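Visitor: Take this structure first; my questions come after.
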Amino acid sequence: MASSTVSVVLSLFLLLLTQAYSADIQSFSFKNFNSSSFILQGDATVSSSKLRLTKVKGNGLPTLSSLGRAFYSSPIQIYDKSTGAVASWATSFTANIFAPNKSSSADGIAFALVPVGSEPKSNSGFLGVFDSDVYDNSAQTVAVEFDTFSNTDWDPTSRHIGIDVNSIKSIRTASWGLANGQNAEILITYNAATSLLVASLVHPSRRTSYIVSERVDITNELPEYVSIGFSATTGLSEGYTETHDVLSWSFASKLPDDSTTEPLDIASYLVRNVL
């Protein structure tokens with residue numbers, strides 16, 4: 001994602017960004033992917049320098065019942081149990097979903113924070129991230145889903161962006177119009193001072209934008225160290241398929257300490273120094 005695009009996202013949504021004290025920065029940026037930097041699970045591969053999360057046939061069309069996950073190879077510390085400090089973080093990525101039949105696309109892609117060593121979870125509507133639509137603290141998983149199929153047991157009636165906390169049943173959703181086969185520019189931020197998780201998505205080709213936010217106390221929901229990355233699934237019934245590609249990805253996080261009192265805006269840092 002170009003830094004100018006992220007700047008547009010920031011100005012459009014006027015995100016409430018962190019004012020926590022500065023400290024060590026964990027950051028990375030991929031404009032071309034290589035398998036050595038990732039833990040690839042299920043059907044996920046690195047293909048033509050992009051993350052291809054679900055299986056594609058030789059003719060480029062997606063397959064049924066595919067599940068793939070890709071996580072950054074190094075754990076990320078998101079809080080410090082000994083001091084109580086909590087990290088603010090921001091991530092941006094460009095994703096592309098293509099459904100041969102847009103009216104029957106399934107199932108979606110998620111950005112997820114999971115326990116280190118986590119294995120793929122249930123297929124189809126669970127997006128490979130969860131096993132249940134009932135809250136379960138032992139899952140220790142927070143995700144932002146970009147859901148292309150409405151599962152009547154737990155989803156709203158339309159495609160949506162959702163914030164998921166230890167369950168596939170989102171605690172907050174916003175309707176989302178899929179721009180089929182078009183790139184989506186996504187920015188997700190977490191403000192440790194307010195516990196506010198914000199996800200925004202822009203389709204530059206259509207000049208459409210979407211945003212969802214909710215407060216999440218990650219110290220109650222996640223382990224101290226997590227793996228971060230992506231998970232995606234396709235449907236189980238004929239015709240309910242789509243491709244899921246991540247074309248670029250950047251991340252920055254900041255865990256406060258007492259060595260400095262100068263505020264740092266983590267999302268601005270991401271734009272200036274990582275992208």
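Placement of Cβ uses the backbone N, Cα and C atoms for every residue, glycine included.
Swiss-Prot lists these features:
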type	residues	note
SIGNAL	1-22	signal peptide
CARBOHYD	Asn34	N-linked glycosylation site
CARBOHYD	Asn101	N-linked glycosylation site
Visitor: Asn101 (N-linked glycosylation site) has how many other Cβ neighbours within 10 Å of its own Cβ?
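Guide: Summing over all protein chains shown, Asn101 (N-linked glycosylation site) has 11 other Cβ atoms within 10 Å.
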Visitor: Do any residues at least six apart in sequence from Asn34 (N-linked glycosylation site), in the same chain, have a Cβ closer than 8 Å to its Cβ, and if so which, in order?
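Guide: In sequence order, the residues whose Cβ lies under 8 Å from that of Asn34 (N-linked glycosylation site) (at least 6 apart) are Val46, Ser49.
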Visitor: According to DSSP, does Asn34 (N-linked glycosylation site) fall in a helix, a strand, or coil?
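Guide: Assignment for Asn34 (N-linked glycosylation site) reads coil.
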